[in-house]
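What Swiss-Prot says about this one:
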TRANSMEM  2-22  transmembrane segment
TRANSMEM  35-55  transmembrane segment
TRANSMEM  68-88  transmembrane segment
BINDING   Gly75, Thr78  Na(+) binding site
TRANSMEM  98-118  transmembrane segment
Amino acid sequence: MWLSILAIFCGAGLGALLRTGFNLLSVGVASVIPLGTLISNMVGGYLIGIALAFFGNNPHLSPEWKLLIITGFLGGLTTFSSFSAEVVTMIQRGEFTWALGTALLHLVGSLVLTLLGIWTYQAIK
């Protein structure tokens, strides 16, 4: 149990650091939508597709690897709460079109990139 907790803890810390890096890189970039959150969710969507395909094809790996990568790292990288707060802020400012566009971009983009990640793994396997 302690190894599982450690795997999640380490993965989440690394994922959160990468998300912070994406946010810092997007500071000063002229954009109506928060790019750091979008990049985090798109990269996370792609990587989880690869991870799902990888772990599905490698069931012999210890469960701690899946906890490290999917639950920890990708859980720390992707951010539904920040996305939700940003969209609600747009709605509160009356930016309904931007709010809808941002929500659709995150949802559709993440789903498409998850599929692309699965297909990428299958192509290189």
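Glycine too: its Cβ is placed from the backbone N, Cα and C atoms.
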Beyond the flanks of the transmembrane segment (68-88) by 6 or more, those residues with Cβ under 8 Å of it: 7-19, 33-34, 37, 40-41, 43-45, 47-48, 51-52, 55, 99, 102-103, 106, 110
Nonlocal neighbours by CB distance (under 8 Å) for Thr78 (Na(+) binding site), same chain, sequence gap 6 or more: Gly15, Arg19, Ser40, Asn41, Gly44, Gly45, Ile48, Ser110
For Gly75 (Na(+) binding site), the three-state class that DSSP assigns: helix
Cβ packing number for Gly75 (Na(+) binding site), 10 Å threshold: 19
Intrachain neighbours beyond the transmembrane segment (2-22), with Cβ under 8 angstroms and 6 or more residues off its ends: 35-36, 39-40, 43-44, 63-65, 67-69, 71-79
